[in-house]
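Copied over from Swiss-Prot:
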BINDING   Gly372, Arg373, Ser374, Gly375, Ser376, Gly377, Lys378, Ser379  ATP binding site
DOMAIN    23-307  domain 'ABC transmembrane type-1'
DOMAIN    340-552  domain 'ABC transporter'
TRANSMEM  22-42  transmembrane segment
TRANSMEM  52-72  transmembrane segment
TRANSMEM  139-159  transmembrane segment
TRANSMEM  162-182  transmembrane segment
TRANSMEM  253-273  transmembrane segment
TRANSMEM  278-298  transmembrane segment
Amino acid sequence: MRKNGFVVMGHLLKLVTPLAHIMAFTITMGTLGFLAAIFIMVLGATGLVNLLNFDTHLSFSGILTALIVLAVARGALRYLEQMSGHYIAFKLLALLRDKVFSSLRRLAFVKLQDKQAGQLVSLVTNDIELLEVFYAHTIAPIMIAFFTSAILLLVFAQLSSWFVLVALAAYLTVGVILPIITTKLAREDGRRYRELVGEMNDFFLDSVRGMKEIQLFGYAKQRLDEIQQRSQKIDTAFERIKDQEAKVRVYTEVAVSVFNIIMLFTGLILFSLDKIDFAAFLIGVILLMSSYGPVIALSNLSSNLLQTLASGERVLSLLAEEPELKDVESAVDLKDVSRIDVENVNFAYGEEQILSDVSLSVKKGEILGIHGRSGSGKSTLLKLLMRFYDPKSGSIKINGETLPNINTCSLRDNMAYITQQTYIFNETIEENIRLARRDATLEEIMEAAKKASIHDFILSLPQGYQTKMTELGGNLSDGEKQRIGIARAFLHNAPIILLDEPTSNLDSLNEAMILKSLLNVKAEKLIILVSHRQSTMAICDQVIGIENGRMS
């Protein structure tokens, strides 16, 4: 559901609360800085009036001194405003990145299955980076424009009430009406541009990962053509945004010129009617002409906000997204796992029934085998045991406690889950295995690798355990990746081991070694082994079959 721009800004503003005192400092420095710049022009006009022999009650030397002081102050105030404003921006960007990563952890595993990697990369990098525009160049300028304009209207009030009306109309038109109109007209362009960039990132990432297949099947030219087509769409969307920015500048310049002319004629009329003297006339006109800086900054914001609000909406949507299941924190901790009982479990993905009335029991010291064809629901049952999902009906108990009554962290700490695909990080082999237990020694890692029948292979590499992995483990075969995943499970040393097709990519020799390792640790573990291989099922104490979601 699309959020209103003001709603997005409101949510983004809430994040500033811890740094409100620094934001107040930024606004103060910015307001004083603009006033210093404006009054340099006003004092210059006052000096001109003095030269024309009109009495302004100020000496020429006093005006010159004030001009020098204001010029120096303007530089210092501008520096302090920019420094504090960008401190807030980058502090909040770091906070947002932390929140986004925490949100991704919270949404894993279930919700992230439906999200494209390229879109997430675009969000974590480009979208968050674009929010710097909002925090450093939007919040403070809005408040600075408000306070500066309010102070200047008080100054205009000392000259003429008509000047106040003209200045108020000018500030509202340039700083409020024009930005609102242009933002509404072009907001969809900014959102569409961010979506196209995210889609392009995803498409390009997909192309890089599938480069071998693209070359093998002669699909390179078509893929390149599609990249060019997508790039053209991005260019078109970007051109629309730039066209909008140009229109905003034109509208702003026209509005400024019109109100300058109105102020000039208003001053001339008042002067001709002896309502104001020449000094008030000249100061009033120059004051308005030199005071557009803060409100023009607001007008220019509208074009930048088109992309910023679209990025903010994407980030906020991710932060607000709820996980499939919330982690349980104030419940039972698992200790001395002795048995798992699955009782009359039914589960469906949407309308598609996956498991129907499944029941089983397995005790510590046993290996339970689950056999069945691909798509029969075997892997889904393991995900239910990990509590990635809850069953639609029935229950799953560990030591007599249902999973919703067990602390999620404790549940996961007591389980080692080996999936069909092992993800390899761009780190050394040692660090890839250590992922299972961060405080593990090299000796413990090597022992786990021996159990997983991968130790000898690692030692055969030039750098051994310090061998750096390429992206996605491109320098390993599928079987080698799988054995590293199994080594992680052995290192984790959890009392419950869940294995989903652990030997599917292994030859018979390595399969036998892995199965022997499982038998060696069987007495202290509760093992559930999913496989379609009859040879793997041979080590199991009991085997159940699942066919079309039902026990057979």
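Just so you know, glycine gets a Cβ as well, placed from its N, Cα and C.
Feature annotations (Swiss-Prot) mapped to structure.
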residue: Gly372; record: ATP binding site; Cβ contacts under 8 Å, 6 or more apart: Lys378, His532, Gly545, Ile546, Glu547, Ser552
residue: Arg373; record: ATP binding site; Cβ contacts under 8 Å, 6 or more apart: His532, Glu547
residue: Ser374; record: ATP binding site; Cβ contacts under 8 Å, 6 or more apart: His532
residue: Gly375; record: ATP binding site; Cβ contacts under 8 Å, 6 or more apart: none
residue: Ser376; record: ATP binding site; Cβ contacts under 8 Å, 6 or more apart: Ile546, Glu547, Asn548, Gly549
residue: Gly377; record: ATP binding site; Cβ contacts under 8 Å, 6 or more apart: Phe347, Ile354, Leu355, Val358, Ile546, Asn548, Gly549
residue: Ser379; record: ATP binding site; Cβ contacts under 8 Å, 6 or more apart: Gln420, Asp500, Val530
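Cβ atoms within 8 Å of the centroid of the Cβ atoms of Gly372, Arg373, Ser374, Gly375, Ser376, Gly377, Lys378, Ser379 (the ATP site) belong to the same-chain residues His532, Ile546, site residues excluded. Residues 145, 149, 152-153, 156, 244, 247-248, 251-252, 255-256, 259, 262-263, 266-267, 270, 275, 284, 288, 291-292, 294-296, 298-299, 301-303 of the same chain, all 6+ positions outside the transmembrane segment (162-182), place their C-beta atoms under 8 angstroms from a C-beta of that stretch. Same-chain residues lying 6 or more positions outside the transmembrane segment (139-159) and placing a CB less than 8 Å from one of its CB atoms are 13, 16, 23, 26-27, 30-31, 34-35, 38, 81, 85, 167-168, 171, 175, 276, 280, 283-284, 287-288, 291, 294-295, 297-298, 301. The number of other CB atoms found within 10 A of the CB of Lys378 (ATP binding site), across every protein chain shown, is 23.
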